[in-house]
Structures are given as structure tokens and as C-alpha cells.
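K.L.:
Copying in the features that TrEMBL gives for the protein in this structure:
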| type | residues | note |
| --- | --- | --- |
| COMPBIAS | 168-177 | compositional bias 'Basic and acidic residues' |
| DOMAIN | 17-113 | domain 'PH' |
| REGION | 138-186 | region 'Disordered' |
Amino acid sequence: MKINDKNLSYFASSATPVDKEGWLVKRGEINKAYQKRWFVLKGNLLFYFEKKGDKEPVGLVVLEGCTIELAEDDELYGFKIVFHGQGNRSYALASDSQESMEQWMKALAQAPYDYMKLMVAELQRQLDQMDDCSPVLPPTDVVEIRRGDPSDSPQPPPRQRHNPFNRTKPEGVRSDSIRSAPGRTDAGSLVTYRADYVKSGQKRLTFRELHTLYGRRVLSDRNEWRHSRRQDSLI
């Protein structure tokens, strides 16, 4: 693969987003002593400069087909970029603290394109599981809830939740002191929730669509209740 040095140098010093940058020490191939270099990670390209602010990097590591491993040197917080295969080179790097070393190892391990493919595959799997667990609605596009004679309505299941606003009036409180919110329907009326955007015959809805469907009515009732409270405070 041919690499255009001029384009890479421009990309290294351009204003493109930087994933991570900072000082590390690097052990040379010929001179085994560690040399301090300024490293810049952009995507899967790891540039290193002789000084911070230099326009041209002195080296580049393409982070594909490699692994990030701890170094055997116990004196420094060292780690290695290892390219597997005969004749492939390994890069020995070291940081000045345990925390910095862990941050660099994590950033370098997440830089390759293969890691991004694994992340996308995992997200797709989670989305597929959410679609499989989506609730099923009845085929009709109208859901009716009748408020009338309790003997005509089905009995609630055990441990039914109660509306906190439907409480028994304490002694001494007049029955007309509790007002109905404007727009509310009285007992015995038929309240209809109509899902206009649900196509005929469609039985499966996502969680987002169900949230929108039932959330509109809840927000409407809540706004009406708040309006009635404000009207009561003005009386």
C-alpha cells in the first residue's frame, strides 16, 4: 500500500478531531533507550512528533491487525503495540502513571476498524432483541375504556394500582370543593383513545410508538388538571 507522505503530514497537523494526545516515551529500534515523543491519535492512525506543535510527524503507526499488550519492563508504565506475524515490528511505549497508561491502552485498543465493526454488530443485535420484545396491539385501531356501572365493568386484577387523585374525601370537606378538570368526561361516558396513525391491520408497534400514543392523552389530562388547579386558586 502506497502512502502519500504529504497528505499524511497535512492530516496529522490539521484541525480534524483528535481522539487522544499527550507525551509518551518510545523505545527506538536501533537505540534501545526510551525517547520522549508527542503522540496524536486520530482514528486508527497514531502519529508521533519530536516536539509538541511540530507540523510534520517523525513517525506513524497504522493501528490495524495489532494488539495492545502490557510490556515486561517493570520500571516504567510500559505497554506494546504488537503486530503479529513473521518480521512484523512491535512498538514499545511507556507513560508516566498507571492511569495514563490505562487510558492510552484503551484508546489504542478501540481505534482499529475491526473494533468498530464489532460495536456495530452488538448494537444491531440489541436492536433486534428490542423489536422481538415489542408488544402486540389488537387489530382494531380503536381502544375503548368504559366508565359506568361497576357491575358492568370487569373487576380489576389483584394488586391494581390506584389513581392518587381518586381519594375518599375526608370528613368536613364539602363535596363541591373538588372540581372536575375542564374537558373531563363524567362517569358513564365513553372515553376513546384513537390511534390515527396506526395503519389498518398493523399489529406490532415499537416502544417509541406506544409511548407517543398513550403519552399524548396523559399530557393532555395533566395540563387540564393543572389548569383547574390554577382556576381554583383564583377563586
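Including glycine, each Cβ sits where the backbone N, Cα and C put it.
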K.L.:
What are the helix, strand and coil residue counts for the domain 'PH' (17-113) according to DSSP?
P.N.:
13 helix, 44 strand, 40 coil
K.L.:
Give, as a single whole number between 0 and 100, the mean pLDDT over the domain 'PH' (17-113).
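P.N.:
A mean pLDDT of 89 is what the model gives the domain 'PH' (17-113).
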